[in-house]
Structure formats: C-alpha cells, structure tokens
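Quick look at what TrEMBL lists:
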- 35-261: domain 'ABC transmembrane type-2' (DOMAIN)
- 37-59: transmembrane segment (TRANSMEM)
- 71-92: transmembrane segment (TRANSMEM)
- 113-138: transmembrane segment (TRANSMEM)
- 150-174: transmembrane segment (TRANSMEM)
- 181-199: transmembrane segment (TRANSMEM)
- 241-259: transmembrane segment (TRANSMEM)
C-alpha cells in the first residue's frame, strides 16, 4: 500500500507540471491547424454522423427511441465517453515509450507521463461534454443534480485509466506484441459496451458480460449523468464494489510493475 500512496504523491507533487505539459501538448498538436482545438469537437461529431448513418439508419432501418431518449442522444452519450476512454487507454499505455527521453532530461517521475496523457484526454472530453450538456439542459433529459455524476465519472475514469496505464506502459516496452494485443482488445470492447445498443432486451449472456465490463460501467455512468433521469449514478452497490475492486487490483499490480522496471525501461528501447 505504501507504493500506491507514493505514486499518487508523485502525481500531487508534480500536479502543476502535469497540467502545464497537458496544455502544451494540446497547443502543439493543433498549432498549424486553422480550426485549432475545435477539431476536438468536429472529429467526434463526424464519427457520430457516420455511426448514426450505419447503425441508426442503415442496419434494420431507422432506429426509434431507446427508452425515453432519441437514438442519436443514446449514441452521442455512449460514443463520446468511449472515445475518451479508448484514446486515454492508448495514450497512457504509450506515454512512457514515446516520451522516455523527456524523463531522462528533465528528471521527473515517469509515472507523471501517464497522468499527462489522461489529463490531456480529459480536457478534450470537456469540450465534447459541453455539447451534450447543452442538449441535455435544452431537452430536460436529466435533473441538474445528476450532472454531479460527471464528476464521479471523471474520478472513476482517471483512476481506472491510470491503473491500467501503469501496467501497459511498462508491458508495451518489455513485450512489443502487447501494443497490438491492446488495440484488438479495445476494438472488442467497443462492441461489447452499450454504445449503440441498450441493455434492455439483449441476450442474457451479453448482459452478464456487460456486468463485468468496466468500460460499460463508465459509459453508463456518463450517460446516466446527462440523458437518463432515474438516478445520478448507474448501478447498485455490487456494481460499484466490483469496479473499484478491479481498479484497486490493477493499481496494485501496476504500481509493482512500474516501480520494478521504471529505471530499466530505457535499456529495452
């Protein structure tokens, strides 16, 4: 447990550096683009349009409402958090490999690179979430107090991605095949997460898989905050207990792997 405390202490001590480098990466990413950071909204919006044409209109005809919300809102409230989660996982997993030379030059903990990757994607998520917030308020999909669930989503997502990133950021350097494995696993979870489909009326096997799918838990909590009005958070006590137990397990394993190899990773590059 001391190692877990130490690694979060590193994030807190270097919180200003994490924020500054996250902002710098976003600015440098769009430095030569006319539309700049607006691409953070345009790119997800174009993906929504494509998926709506395919899944909302192309397959089995025009989709109707899902529950009390239109299919397009169901799609947006599932795809936006998924893009954040998948891009955050990939960025966190590749953060040390892509910027290890920066750590050796500036002498700060390599674990902060994982936080920088996550914070970078959180900033991007805030831009797309603003669109959903406007649509939610305009149509009265959710109670104002339910928007606090978005804060829970951010805390839970950061914890999960950071824990997962601690493991994968070392493994992608030690075992080069892990990067390809990760991409295929994320692609599989894309279809196993209720982004396009609803949990109601699906096959019992898929409901069981969803119950053990941490991505589904996070996506549904995001959707719960903005378009579903029955409760601020998704799931019961068992769902919360499972997610946080899994996250703590990943964090425990990740911390030990990270501290064991953090000073040796440069030798594997």
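A Cβ is built for glycine as well, from the same backbone N, Cα and C atoms used for every other residue.
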Residues of the parent chain within Cβ reach of the transmembrane segment (71-92), under 8 Å, 6 or more residues beyond its termini: 44, 47-48, 51-52, 55-56, 63-65, 114, 117-118, 120-122, 124-125, 128-129, 131-132, 135, 139, 141, 153, 157, 161-162, 164-165, 168-169, 182-183, 186, 190, 193-196, 198, 215, 218-219, 222-223, 226-227
Same chain only, please: residues at least 6 beyond the ends of the transmembrane segment (241-259) with a C-beta under 8 Å from a C-beta of the stretch. Say none if there are none. 3-4, 7, 110-111, 156, 159-160, 162-167, 169-171, 211-212, 214, 217, 235
Below 8 angstroms Cβ to Cβ, which residues of this chain, lying six or more residues outside the transmembrane segment (150-174), approach it? 7, 81, 84-85, 88-89, 92-97, 110-111, 113-115, 117-118, 122, 129, 182, 214, 217-218, 221-222, 225-226, 232-233, 243-244, 247-248, 250-251, 253-255, 257-258, 261-262, 265, 268-269
